[in-house]
Each structure stands twice: as structure tokens, then as C-alpha cells.
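Enquirer: Sharing the record's features from TrEMBL:
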type	residues	note
SIGNAL	1-18	signal peptide
TRANSMEM	104-122	transmembrane segment
TRANSMEM	143-158	transmembrane segment
TRANSMEM	188-214	transmembrane segment
TRANSMEM	234-259	transmembrane segment
TRANSMEM	335-355	transmembrane segment
TRANSMEM	361-378	transmembrane segment
TRANSMEM	429-449	transmembrane segment
Amino acid sequence: MAAFTIAAGTGNWFSALALGVTLLKCLLIPTYHSTDFEVHRNWLAITHSLPISQWYYEATSEWTLDYPPFFAWFEYILSHVAKYFDQEMLNVRNLNYSSSRTLLFQRFSVIFMDVLFVYAVHECCKCIDGKKVGKELTEKPKFILSVLLLWNFGLLIVDHIHFQYNGFLFGLMLLSIARLFQKRHMEGAFFFAVLLHFKHIYLYVAPAYGVYLLRSYCFTANKPDGSIRWNSFSFVRVISLGLVVFLVSALSLGPFLALNQLPQVFSRLFPFKRGLCHAYWAPNFWALYNALDKVLSVIGLKLKFLDPNNIPKASMTSGLVQQFQHTVLPSVTPLTTLICTLIAILPSIFCLWFKPQGPRGFLRCLTLCALSSFMFGWHVHEKAILLAILPMSLLSVQKAGDASIFLILTTTGHYSLFPLLFTAPELPIKILLMLLFTIYSISSLKTLFRKEKPLFNWMETFYLLGLGPLEVCCEFVFPFTSWKETSSLRAEDHTCLHSPSF
């Protein structure tokens, strides 16, 4: 606290927060890392040692390159730094290669790339108005937002323990959001277009961008009642936006179009054969659907309504990434999940078009698009909840209602990430970090909105407090049950065969 007091006096509190979380990331370097660590090492090897024509065909490892071209070029650039650490990590045939230098390089590369995320958070803080400015530094909305983003628990464990590069990707997204708040629409469109060619999961929120830019940028005026003034449509602005998207896409996909490899690239980006659910189910609608099908199949077998010989062999509870058929309920196809997702996002898109509320309305729509895709998308990873949590952070410091939704979403969403860290040494780390972040989030937002109604009602409070006993059961009771052996086998399957798509 003394450090923040000194920082506040010199106006460098943001730098202190950024430096503090960077030091924490460095302390997490020796912790457990998932198979995603090998995924990215393999991509370094592919892009460094093979010509571009082989990048999306190489299959020596099961961890084939399945991100868009900009990310492949990003790995290519990193590989030219990696060779000064350990040349052996860049050998395609060195499967599951690991060394202390490889570990340090990959960990520090994630930390270094977070510089973009830090800058984006700083830009987002400029977009927060100062209506609710407390006397103390820690009560200022900009300070609270900085902590909620820079010290986000989910991003810390996913990137700096589990291992991925989500920080700088979310930095691009937050930077595009900040530019839209600043009415620099072309820059916002550019950053989002670049982001899509780094990681295609952000397609989930593309409808919010498309509708908002068309409604608020291409139409230059509204009627007094807020409806569109149709004669204000600007063809020049539409063409400008289209040109930005086209040029970014041409730069990304052009080389593969010239090589006649676009179908191969897209087959890697959209591997529908991985199945409806990820090995660790995301807590969404399809998890409930699968659970119901499992219960019905058990009941059917007990009552002899089902023939055991007709039960599908590919099981949704096996821990494997694969296609499977439901036993009782109708099996779900990718088209079904797409239709469900589109239906879910339509209300928010409708409001964004017919009842525009400026950048904050766009941010709400973006969050709802992310949640809709999380609830109904195909092969959703639990980590995808961050796509809703981080943008929602910006809304949480503006209105008490948004703060309440944010706290429920972030607490349950972060808790759902716990299965990613299943090793014993990381148990106290994940519990302590989540407790610290959750306690800070609740206390700071309660202080910020202390003059308004309570952020939680009794039912919401009971629900959130129930996560504590649930964790005790999962970590300390379940291991002593007869189900432990079966779940351990599934965990081993998951460790070997889970997909790195998010």
C-alpha cells in the first residue's frame, strides 16, 4: 500500500501496477505448463525450419499449426530470437523437447508480449469518465479498472501457468475497443481485422463490430428520436472500412492464395471433427445437454429400455477430443450450434442497431456475443469465458448493475478455469490468486458504488459462497471416492490428446 501511495504522489501508479504484475509473472515461470507449451514450441520449429508452403501441411507432431497466418508469422519472428537460446527447440522432429533455456524463452516471450496488453489497458482507462472519483487513489474508477484488467486472475493462470499468448491478443482487442470509444473508427476496425488474422476465435464478436461500425460510422447522422437518417449514409466510409479489411486479409491470406492453399488453411482453422465439446467441458448449454443425455442413458440401461450393444463407443465423458453420438437425445451438428448462437446474439444486435447507446452499447453487445458463443458454440474451451470477462471489466466501473453482473460472471468464470491446473503444487497458487482477485473485485466495486443498492441479493450471495464448499468437495472429498480412478484415466487421456484451439 505504501508503494501505491508513493506512486500516486508521483503520478506513476499505473506503472507500479504493471511492474508488480510483471514480477508476479516472473515468479510463475517454474510452475506447471500444459501441452500448449509443446504446441507453441512445435509451431516455432515449423515456421523456422520449413518453407511457408509446408506450414499448414506439416504433421510430424499431432500439434499441427491451426492458427491464422499472422500468428504463424508471429511464431516465425519469435523463432529467430529462440535460436539464440536453444537451437534444438527449432527442430521439427524433436517432439516434446524441453530444456531450461526453452522454458525461459517461451515464458519470457509471453511476458514480453504483454507490453501490448499493458498499453491497451492504459488506453482503455482514458475512456473512463471521472464522475465517480473518490478521494483516495484506490477508489478511482481508472485505478480499479487497471487492477481488474492487469491483474486478471484468469489471464494470469491461462497465460503464465497453463501457457498461451492470450495477453497480447486481448491487448489488440482492448486497443480496438479503446479506439472506438475515442471515435477513431478506422483504427478500431484495423486493429480488430488484424486480431482476426491472429486468432479466429474472435469471429464470435465480429457481428458486434460490423453492426456498430455500420450504424455509428457509415451513417453519419440520426433523427431527433435516435433512429437512422438514411440519407446520411456515407459510401466513402463503407469503402474505407472495406478497404482496411481487404488489405489486412490480403496481407494475411495472399501468400496462401498464391500457393493455392486456402482450402488447406481453412481446414486447419475449422477442424469440426474435434467434436461438440472440449475434453474439459466448458460450463455451457451443451454441458447440460450432455449431462442430461448421460443420465437418460444410465436410466435407460437400468430399466432395460436401451441395448448396451447399441451405445456409441465414442464417449463424451472419455476425456478425448473426438466426435461422438448422443445416446438418447439427438446428436448435435456444427450447423445446429451455429443456428443456436445466431439466435442468441440477435437480441443484442437488434438493440445495437435500433437502440444505439454509443460505445457502451457496443461493449454490451460485444460481451453478449461472446457469452452467446460460449454458451452455444461448437467445441468451446473453458478459456473462452475470458472473451466476455475482460470487456465486461470496462462496464463494471461505470454502473452498479454492470458491476453486479461482472462480479458474478468473473467469479464463476474464473472458478471454471480451475481444472486447467490439476497438479498438486499449483492448488494453493490458484486458490490464493483467485481469492485475492475476487476479494479485491468485490470490495473495490462495493466501495465505488457504496451509495447505491447492494451489488448482490441474498440468492446471488448464497450462490457465490457455495463455490467454496464445492471446491472443498472437488479437491479433498472426491479424491477418496470410487470415481477417482476413472477420472484419473480420463485426465491422462486429456493430457495426451486435448486440443490447443483456444
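Every residue gets a Cβ built from N, Cα and C, even glycine.
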Enquirer: Please work out whether the transmembrane segment (188-214) lies in contact with the transmembrane segment (429-449), by counting C-beta pairs under 8 angstroms that are 6 or more apart in sequence and asking whether there are at least 3.
Expert: no
Enquirer: With a cut-off of 8 Å between Cβ atoms, can you find at least three pairs linking the transmembrane segment (143-158) to the transmembrane segment (104-122)? Only pairs 6 or more residues apart in sequence count.
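Expert: With 3 or more qualifying Cβ pairs, these stretches touch.
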Enquirer: Looking at 104-122, 361-378, 429-449, which one has the highest count of Cβ pairs under 8 angstroms to the transmembrane segment (335-355)?
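Expert: Highest pair count goes to 361-378.
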Enquirer: So if I exclude everything within five residues of the ends of the transmembrane segment (104-122), which remaining residues of that chain have a CB under 8 angstroms from its CBs? That is, six or more out.
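Expert: Beyond its ends, the transmembrane segment (104-122) has Cβ neighbours at 14, 18, 22, 25-26, 29, 37, 40-41, 78, 81-82, 85-86, 89, 145-146, 149-150, 159-160, 163-165, 167-168, 170-175, 178.
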